[in-house]
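Annotated features, as they stand in Swiss-Prot:
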- 44-78: repeat 'PFTA 1' (REPEAT)
- 89-123: repeat 'PFTA 2' (REPEAT)
- 125-159: repeat 'PFTA 3' (REPEAT)
- 165-199: repeat 'PFTA 4' (REPEAT)
- 214-248: repeat 'PFTA 5' (REPEAT)
- 266-293: repeat 'PFTA 6' (REPEAT)
């Protein structure tokens, strides 16, 4: 690895190292064999919890061991203890899981087991779990597992309190994006929150006004992002999600009460802005692709067929995309086929 000095080992040192590794492999294989035999026998005795701990200390990504651990708790441990004892046991289990999360913050099976513990705990502490998500995302703001887990925790708090945290969570994603625009997980979370916030508004007129306000705020934020870093794919994907709502068949809360004429105006404004960026960044494939897609969508909304000049301009943009991004040539050729079919 870079920055690490390689030390040349003598023959004797190599043999000693190989012997140690061989011993570790044999130990691990022995544990796996014991686990497989015990589970095959459906041996759910509490003593096998230690076996699962040893295996998970070796490799926390072994989902079948996590499953067996839960089977032991459900079949042998829980039936024998009181609610308070069960809570104490699961508190210790959560501490164990947290120790794994700190070292392996992106292993699905660890998060899955934590959720199971909380769902089986008599008195789950969701506020503490929210603090855990903040620490996870503070360490890595783009950790998809951390964002997914946060959505889960928020849903549990909302259900317990019969309330909505959507607006607060929107503020949280805004802070995360302000720190780093290139945060696809935060932007993805935003797509879910926007529709939730709009659905909270019961009055149709108020919902329409709020939809326009949110759309314009989101576009302003994205404009700043694309001009700051035009090659950031996460920002363009989010922009496409926003503008995709202008599709004539879109009935999502964000755009459903905005007229076709207003959708056309939004598209035209975005096209002008992207053309301006394209002049500064002529090799940017995101600009090229967005111009083709949005101009074609605009024609559809206007119920007009593209002119020969339109087709020629879009074809030149597709050719540019293939040139600057040849690895995705198949995708761009499919786009070209769609362009060719627009006049048929």
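Every residue, even glycine, has its Cβ placed from backbone N, Cα and C.
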Outside the repeat 'PFTA 1' (44-78), at least 6 residues beyond either end, the same-chain residues with a Cβ under 8 Å of its Cβ set are 28, 31-32, 34-35, 38, 86, 89, 93, 96, 100, 103-104, 107, 109-110, 112-113, 116, 120
Six or more residues out from either end of the repeat 'PFTA 4' (165-199), which same-chain residues have a Cβ under 8 Å from its Cβ atoms? 137, 141-144, 146-147, 150-151, 154, 157-158, 207, 210-211, 214, 218, 221, 224-225, 228-229, 232-235, 237-238, 241, 252-254
Ranking 89-123, 125-159, 214-248 by Cβ pairs under 8 Å to the repeat 'PFTA 6' (266-293), which is first? 214-248
Residue list, the repeat 'PFTA 5' (214-248) vs rest of chain: Cβ under 8 Å, 6 or more residues beyond ends. 177, 181-184, 187, 190-191, 194, 197-198, 254-255, 258, 260, 263-264, 266-267, 270, 273, 277, 281, 284, 286-287, 290, 293-294, 297, 300-301
